[in-house]
Structures are given as structure tokens and as C-alpha cells.
Amino acid sequence: MRLFPVRFSAASSSMASLAKMLDFYSGFNPSPLSIKQFMDFGQNACEKKSYIFLRKELPVRLANIMKEIALLPDNLLHTRSVSEVSSWYVKSFEDVLVYEKAEPTHDNLQKFVADLDLIRNRHNDVVQTMAQGVIEMKENEGGQVDAPTESSIQYFLDRLYMSRISIRMLINQHTLLFGGNPHAGGRHIGCLDPACDLSDVVRDAYENARFLCDQYYLTSPALEIQQHSSEPGDNLPIRTVYVPSHLYYMLFELFKNSMRAVVEHHGHDNNDTLPPLKVAICKGKEDICVKISDQGGGIPRSQTDQLFKYMYSTAPQPSKSDLHTVPLAGYGYGLPISRLYARYFHGDIVLLSCEGFGTDAIIYLKALSDEANELLPIFNKTSSKFYRATVPTGDWSNQVKYAKKKKTSAVNQ
């Protein structure tokens, strides 16, 4: 097999052993958990049970995505930044394997929590560093990336970042429940809020996005919130079991986009004349929807899908010196990663836009916690084939592009 382009400090026998363990653990599928399972375990938390589960599950999730890293196109895999990310995954995989057969003694349990903290911190900059790797690849290729390579990168980054979200979820739950600073007396179960007030998270995300908007544009649109429930007896505000930080990330990104669109579309008018952002929080039997509606001029339908692509950004690329001061600035990763957060527990983000008027962004969440299961990437023959596949030739006419290339039509003839 092809190992990552990283330098191992251990001998070649250790490299062979690592490859063997990668093959072993990547042969298992990850075990997705539901929000209900996270809650049930957290309410009756047993550190030894969590330790025994994680010492097997974390290597499986790491190995599955590490196998896919090795399948990346060579011109991306061998960039400095991607090599660095690869080395982080190798080190974390080795760190977790230390506990493969270690008994859950008090000392081992304490050391396990400390090592999980180190692993989480080690991977803090995965998103930014991978983005820098893509930039390096594009620069090395003269700014041109062929369609098959772009398709492979889009496919891989969705899976890498979803895997990262899931691994951080497992680590955060364990360290919050059994670390040195648990939420003593709070209602949170690890990073889950069993009664998450959606309108509170909406207001929090709005206020922080508004602060940035006011700083840059000296004005910002107001906020209006409405709440609706399909059950007449439901109390308002609408609450659900969720990870508030995940929802906040999605809302903050969407609010930033909407505020910028509104202010720029309406010519930096005063707050009183800017149309407000309207948020509708709706609870049904199957879905909970949070809809943000703006009057920011909308997006052409041809560009909507592009907004979720990692290789597409309308903003200038950041310099390396800005990498840590302005997280994700210029990479255009906010929307695609927001959608991954929504999809992680089988929700989604959908954009509906009317060009010339405005855009509706809808966050879908599962209303029932036992249906909110993790969506996890699995390494298998299907996924490995994707990296070697070419983009299929279109078998439908594309009238828009066709008209641009060939003005004379059968009708005109």
C-alpha cells in the first residue's frame, strides 16, 4: 500500500507495523451513534465503558479516512501542507493505538483524557492547512485544475471534514464528561444541550455577525424572529436536543453572508431603511427548520451549487500570515462546512434564491433524537474507485453553454 509522504522517526519495521494496523482497522466500518445514544450514555456516564468504546472506535474512524488521504492525486498529496496534515493523522493514530490493550486503570483513564486533548488540539488547524494545500497545488499547476482532480478533491474534503467533525464529537463528549472541568450542575450532557433554545442560538449568532458587519460597513440589518409548531400544545420557544456550537457555526456563517448581501445590495443605507433579516423557526413531526430570509439581491441559479464547492471562492485568497488571525477568510469554506455540520446528524442546508430580490437559507434538523444519526464516511471499494474515476461525459444537452458556443440554431437555419 502507499503510505503518506511523511517522515517517520521510527524504524522501517515500525512503518510496516503501522501499515498493518491501518489495514486492520480500515477493514471495519465506523459505528454511527444517534443524538439519543449520546444523551443516554451521557446521563449514565461510565468512564470505563467510554474508554473501551473509544479505544476501538477512534482507530477505526482515523484509519478509514487515512486510507482515503493516501488516494489523493499526487500533485495534492505531496504538497507541504497536506504532508503536514497526514503526519498529524499518523501521530494521532499511533497515540490511540497505545491503549489498544491497556486496562482501564485509574492512571490509564487519566492519561487517555490528556491524550485526547492533545489529539484534538493537534487537529485544530486541519481545515486551514488542507485549504492551504489546495492553494499550493493550484499554484504548482499554474492555477489550472482538471475536472477529475477537482471532483476528487470535493469528494475527499467533504469526507475528511465530516470525519473530523465526528472524531471531535467523540473526543469532546469524553473529555467534557470525564475531564477536569465537567459542566457541574449545568444541564449540558457533554457538548449536547437537552433543551437547546433555538431562538437563543439564533440571537447569539446574529449579534456576533452583526458586530462584524457594523465594524466593516458601519451599519447592519435588523433581526425578526417568528416561531411555529405543528403541534398546538407545544410551548414556545422551540427547544430540541442538539449541539449548540454546531448550530451556532451554521447560523453565524449564514448571517454573515446575508448581512453582507443586504448592505451591499442596498448601498450602505442606514439601519432604518435596510430590510431586516427574517428568521422562521418551525417544528414539525419529522423536521425542525430554521429559515433565514434576506433581501440581498439573490444569487443566479447557475452559481448556487458553486457556493458549496471548496475550489470556488469569490473572495481573495488569504496570505499565509493571515492563516491564524482570520480563520477561513478567503477560502470560501464556510458554507460547505456548515452544510456538513447540518448533515452530520442527518439534517441539511438548502439555499433557495430569487435573483434580483433575495435568498432563503434553510437549516434542516431532525426533530427526533433517535433519528439524528451520525453520517460517517466509510472506506471501501466504492469510495476508493471514486478517486480513480474520470468525470463522465454528459449525455444531456446543455442549452446555456451550447448557445454561447454556437449562436446558429436549427430554428435560425
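Heads up, the Cβ atoms here are built off N, Cα and C, so glycines get one too.
Packing around Met259 (ATP binding site) is summarised by its Cβ count: 25 other Cβ atoms lie within 10 angstroms of its Cβ, all protein chains included. Residues annotated as ATP binding site in Swiss-Prot: 253-260, Asp294, 313-314, 330-335.
Summarised as a single figure, the pLDDT of the domain 'Histidine kinase' (137-369) averages 89. Taken from Swiss-Prot, the feature domain 'Histidine kinase' applies to 137-369, supported by sequence analysis.
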Where does Lys256 (ATP binding site) sit by DSSP, helix, strand or coil?
helix
Looking only at Cβ atoms, how many others are within 10 Å of the one on Gly334 (ATP binding site)?
21
When DSSP states are folded down to helix, strand and coil, where does Gly334 (ATP binding site) land?
helix
